[in-house]
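Novice: Sharing a structure here in structure tokens format.
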Amino acid sequence: MLQTSDNKIHVANNMMDMDQDPRKRLCFADGRRKVDYVLVYHYRKRSSVRGSPSQHRLSIISNGSYPLGVEEKDQEGRKDEPAEVVVDVGPPDPADGEKIMIREEFEGNLKDAGLEIEHDKENKAHGHAFIRLHAPWQVLSREAEFLKIKVPTKKSYELREEKGLAATMNEVWRKLNQPFQPKVPHQEQEHSRTKFLSHCFSRDKLHLYNIKSKDTFFDNATRSRIVYEILRRTACTRTCQTMGITTLIANGVYDSAFPLHDGDFHPSGQAEGKNDRQLLHDEWARYGAFYKYQPVDLIRKYFGEKIGLYFAWLGVYTQLLIPASVVGIIVFFYGWATVETNIPSQEMCDEDQNFTMCPLCDRACDYWHLSTACGTARASHLFDNPATVFFAIFMSLWAAMFLEHWKRRQISLNYSWDLTGMEEEEEHPRPKYETILLQKRQRKKKNTKNKNEPERGVDESGELGKDKWRQRLLSAMAAGNPTGHEKLTWRDRLPGYLINISSILFMFGVTCSAVFSVIIYRITISALMAMSSDPEVKSNVRVTVTATAVIINLVVILILDEIYGMVAAWLTELEIPKTETNFEERLILKAFLLKFMNAYAPIFYVAFFKGRKLKKLCRTLKDKERAPKEIVEQPGRRQQWHLDYDLEPFDGLTPEYMEMIIQFGFVSLFVASFPLAPLFALLNNVIEIRLDAKKFVTELRRPDAIRAKDIGIWYNILSGLGKFSVIINAFVISFTSDFIPRLVYQYMYSETGTMHGFINHTLSYFNVSNFKPGTVPSISSLGKDITFCRYKDYREPPWSTEPYQFSKQYWSVLAARLGFVILFQNLVITMSMLVAWVIPDVPKNISEKLKKEKTLLVDVFLNEEKEKLQLIQSLFSRDLTQEQQEELKVSDQTSLPLQQTQPGQLPPTSSPAPRTRPRAASFSQFTRQMSMSPRSDITQHTAV
């Protein structure tokens, strides 16, 4: 900021005035035109000298928008102030010079596209320069029509008001939900009974739209999206064969490109005076708002449909975890309430039963009593009880209901966000794809040139010379073909596919090796601690081994998780996807497969959180330590584009989705073993939503507003996990719990039809004399009179004809387990399909509104065309009446001479000119004709 007399002069890229209107901080130097997008590049100059600005002229390239008088005042106000003026003596190396030429061509093409540009003054030896872009109304309207952006029209209709019991219930529910609604002014319009029709923007139908101000008709997110589309398709054909800002950033021509946030996120006054970023921070990104619903419509308005759908999906998932958590708690408390009456647990804890168990290891381990495992048996009953089977069936149906509910919610959002009928947008190829395609084209051209090279020097006057020129012509024509006719084939991608398959199989082997290593660790440490002479060490073997194994497994999971993320990105690059959508889908699939194995193979519930909360907590503490330092440097005196450039760039939603999908897998796959998993997931998500919200609002640059109708490939992954969870839960219940053996014993082998004697039924006998030499316990505290010990299995006793072979009970239990798997799987899948069939994908009220709006839009356009036709007909009839009157006047003037002539003689004047046939005029011609003066009309008709 410079001061001359009492005036404040604003110069581009200078520090802003503390009293400046916050809205003008998002504008050009003139304070009127919005900054819709920002490009950043790094520049470097060779030398600089000290001097007066009056001796050196610094200019601002602002597309002719920056007033010259400001610059003159700038120089007058700084006569006595020495300053550093940079003398640009050329770029330091050819690469920088090439980048400058590319930037000049690119920015020239942007100006040709209609964008207005404002540059920074490069008044330092080196640093970052910011280029501000503004899209005027002509560009916005043209691109909005090209992109088929739907906007509200003036036509509206009243929604059907519910009556009776449904209206009363909805009103009661709305009042109960009122304390949980965010205080967002935009959401107050949702409760209005008036609905405005939406239609794709068209410059020919501006009269249909309620355009109060052309500057505010399109919101900031839409404006930045339009500018990004222009940046994405603008090409540089003179300096380099590239297209789009993404390729230029990848090649280092620009550092970054991003839209601006709507000012600061700190609150400043009442809710009516807050910008959207402040509203999101106060009503969404605070931990104090954890009990409120998310302002999904405001999130979509500010960040775009793709991010809005993610948070809407996360909200639906979190809400549906509430009934799952309640049922899981009921199942857990049922097990806790019935643990005292559980007969198998009583038999295990009964010391009078005196089941002497065989040693757990060779020599070092001693015989032990089954009653010592009483605590473990009572604890396992909390999670392994008859209610667990019901809970597994419930969670399988819950997964199906969750997917169906999300489909309905997604269609409702598509309707309210005007995404119905949205067409897929054509994507530009990725920079890596273009580079490899260009290399392929150059190799092909070089091979063609080498093939024709031996023909040089041969007799050019003969037929061979003619062939040479024909081949040169054909090669030149081939070189001039558009790039769209060439593409990479499967042969170009074959090496990448082979590396992908082998690498993924290798990573699966690494994960299985890590799990196997942890198992070996547990066995080894248990044996070493059991051989210790310290009784305290022996008594804490299980706790120590379990705790250390869990910690080791957690560390391995975190390390492999990071490695697999980088490997998935590298493998996806080898496949050379053409577009960003293809790249993202393939990356998601690979990352999910690798992280699926990494997270689920160990089956440790500590991996549920996967350490992400620890990383987020560290990042939050780091930001708190860094924030005061930034404020001390320049407290509130930097422009918005400087503040946004200091934020972290947005890297996509893949990490956020991946975290929630892994969590959904734990909730649905292993819920039969841990009924409290939905509860922990619910508590995690309540914090997760606010963490992600704070990150998007305060820590990341504003992402580009991307349109999307659904969550993409993630829905297919969720559907696959839901079906896979049915099989997993069936096997978990059948083979890892005692549910099936208890049923088999109670209905086939129990004499009383109860569970009495179940523990004795599941334990087999072993004759201690059959121990191999060197495996008998060296020191036994239970005495030397032990003849038989027991172990858990279904095998024949030593005194049978086939000792230690599988007994009939084993085969009965195995058949029952396999039968239960088949029955459970078919029953649950059939019920899930029934649920999906009963619940319609499109809500009935949405389908009715869509039909009604389509009919109303057709009526609007028909009425408009009818009015046009009536106007044209009225104009045509008026013109015809005027022509008849003029002809009548002419006939009256010629009637008198005709009467005075002799019969058979011609009149002295020639016959009037033949009447021209009138033609129908278009509506545009009608509007032009209305603007003509009456005198010109009369003159025209008189001439006829």
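The chain as shown is numbered from 1 upward.
Note: Cβ is positioned from N, Cα and C throughout, glycine not excepted.
Nobody curates TrEMBL annotations by hand; they come from automatic prediction.
Model, not experiment: these values are computed from the prediction.
Residues or ranges marked as compositional bias 'Basic residues' by TrEMBL: 440-449. Taken from TrEMBL, the feature compositional bias 'Basic and acidic residues' covers 450-462. Sequence annotations record features per position, and here TrEMBL assigns compositional bias 'Low complexity' to 893-904, 912-922. The compositional bias 'Polar residues' annotation in TrEMBL covers 923-944. Annotated domain 'Anoctamin dimerisation' per TrEMBL: 27-296, in sequence order. Residues or ranges marked as domain 'Anoctamin transmembrane' by TrEMBL: 299-616, 623-853. As annotated by TrEMBL, region 'Disordered' applies to 428-462, 886-944. Look at TrEMBL and you will find 310-336, 387-403, 497-523, 543-571, 592-609, 660-683, 711-735, 814-839 tagged as transmembrane segment.
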Novice: Can you tell me how the residues of the compositional bias 'Basic residues' (440-449) break down into helix, strand and coil by DSSP?
Specialist: 10 helix, 0 strand, 0 coil
Novice: Can at least 3 Cβ pairs under 8 A be found between the transmembrane segment (310-336) and the transmembrane segment (543-571), with each pair 6 or more apart in sequence?
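Specialist: The answer is no, given that the two segments have fewer than 3 Cβ pairs within the 8 Å cut-off.
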Novice: Restricting to the domain 'Anoctamin dimerisation' (27-296), what is the model's mean pLDDT?
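Specialist: Residues in the domain 'Anoctamin dimerisation' (27-296) carry a mean pLDDT of 76 in this prediction.
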Novice: Relative to the transmembrane segment (711-735), which of 497-523, 543-571, 814-839 accounts for the most Cβ pairs at distances under 8 Å?
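Specialist: Stretch with the highest Cβ contact count: 814-839.
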Novice: Could you tell me what the rest of the chain brings near the transmembrane segment (497-523), counting residues at least six beyond its ends with Cβ under 8 Å?
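Specialist: For the transmembrane segment (497-523), the nonlocal Cβ contacts are 545-546, 548-549, 552-553, 556, 560, 564, 567, 571, 574-575, 590, 593-594, 597-598, 601-602.
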